[in-house]
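S.K.: The structure's right below; bear with me while I get my questions together.
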Amino acid sequence: MGATRGLFITLEGVEGAGKTTAMDTIASHVRDLAMVPLVTREPGGTEVGESIRRILLDHADDAMCPETEALLMFAARAEHINKVILPALERGECVLCDRFTDATYAYQGAARALGYERIGALEQWVQGELRPDLTLVLDLPVSVGRGRAGERSAPDRFEQEQDTFFEQVRQSYLERAAADPGRMKVVDASQDPDSVARALRHILDHWLVAGN
Ligand SMILES: Nc1ncnc2c1ncn2[C@@H]1O[C@H](COP(=O)(O)OP(=O)(O)O)[C@@H](O)[C@H]1O
Ligand SMILES: [Mg+2]
């Protein structure tokens with residue numbers, strides 16, 4: 001990536017961790033820092049991507065193969081990268097994405113047991129050199145996230161999975177964050193919303209000062 005491009009920040013965590021809630025905090029902090037935020041999400045973020053999102057989350061496809069699931073995630077991602085993310089980065093904006101490839105490693109690679117190697121091959125093929133500059137992992141016990149998400153709406157195809165599935169997702173995020181601490185920062189998302197927001201602002205400030 002060229003030196004003049006914007007910043008690519010992603011948010012990760014199990015359902016109900018508070019990603020969508022945290023987006024507002026991060027977007028307003030980014031504005032305070034005189035950058036232009038572009039808030040988007042995966043799977044989705046484009047017309048084709050949102051159609052793929054419906055296929056992925058709908059119950060009509062309960063028996064979908066893990067391979068199909070991973071390929072659909074990357075199909076939506078290819079569209080998103082080329083139509084939204086790269087153009088925004090080239091304009092110098094700060095792209096804030098609710099889930100990205102770390103979620104594919106965690107959900108399809110770990111919890112669906114496809115393995116990291118195959119996800120890595122697709123990552124390389126679809127993304128080339130593009131990786132998030134910073135990834136904020138909102139970490140909390142699965143049962144707490146489930147309790148929060150349960151109050152929201154009927155469970156989608158992922159949300160209906162058992163706790164063991166989400167434990168694997170959580171462990172994958174934590175393992176990968178421990179292996180890549182420069183990029184992936186873990187936040188205790190079980191705290192109250194104000195404390196989570198403060199922790200996020202603190203990380204952003206330190207990370208920007210450190211020269212990312
Ligand atoms: N720190 C928090 N403490 C308690 N409830 C929270 C917190 N953060 C978010 N929530 C609530 O939990 C639910 C899920 O949050 P959301 O941001 O939609 O999570 P996600 O996008 O990660 O699935 C929402 O109802 C939200 O208001
Ligand atoms: Mg959300």
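Placed from the backbone N, Cα and C atoms, the Cβ positions cover glycine too.
Look at TrEMBL and you will find 11-197 tagged as domain 'Thymidylate kinase-like'. Marked as ATP binding site by TrEMBL: Gly13, Val14, Glu15, Gly16, Ala17, Gly18, Lys19, Thr20.
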S.K.: Mean pLDDT over the domain 'Thymidylate kinase-like' (11-197): what is the value?
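M.R.: Overall, the domain 'Thymidylate kinase-like' (11-197) comes to a mean pLDDT of 95.
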S.K.: Name the residues of the same chain, 6+ apart in sequence, whose Cβ is under 8 Å from the Cβ of Glu15 (ATP binding site)?
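M.R.: Listed in sequence order, they are Gly145, Arg146, Ala149, Phe158, Glu159, Phe166.
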S.K.: Report the residues of the chain - excluding Gly13, Val14, Glu15, Gly16, Ala17, Gly18, Lys19, Thr20 - with C-beta within 8 Å of the mean position of the site's C-beta atoms, for the recorded ATP site, in sequence order.
M.R.: Leu138, Leu140, Gly145, Arg148, Ala149, Ala189
S.K.: How would DSSP class Thr20 (ATP binding site) in three states?
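M.R.: In three-state terms, Thr20 (ATP binding site) counts as helix.
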S.K.: Do any residues at least six apart in sequence from Val14 (ATP binding site), in the same chain, have a Cβ closer than 8 Å to its Cβ, and if so which, in order?
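M.R.: Sequence-distant Cβ neighbours: Leu140, Val142, Gly145, Arg146, Phe166, Val169, Arg170.
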S.K.: Within 10 Å of each Cβ, count the other Cβ atoms, then let me know which of the binding-site residues Gly13, Gly16, Lys19, Thr20 comes out lowest.
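M.R.: Fewest other Cβ atoms within 10 Å, among the binding-site residues Gly13, Gly16, Lys19, Thr20, is found for Thr20.
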S.K.: So which of Val14, Glu15, Gly18, Thr20, listed as binding-site residues, have a Cβ under 6 Å from an atom of ligand 2?
M.R.: Thr20
S.K.: Within 10 Å of the Cβ of Gly18 (ATP binding site), how many other Cβ atoms can you find? Include all protein chains, please.
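M.R.: A 10 Å sphere around the Cβ of Gly18 (ATP binding site) contains 22 other Cβ atoms.
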S.K.: With an 8 Å cut-off on Cβ-Cβ distance and a minimum sequence separation of at least 6, pull the same-chain contacts of Ala17 (ATP binding site), or say none.
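M.R.: In sequence order, the residues whose Cβ lies under 8 Å from that of Ala17 (ATP binding site) (at least 6 apart) are Leu138, Asp139, Leu140, Gly145, Arg148, Ala189.
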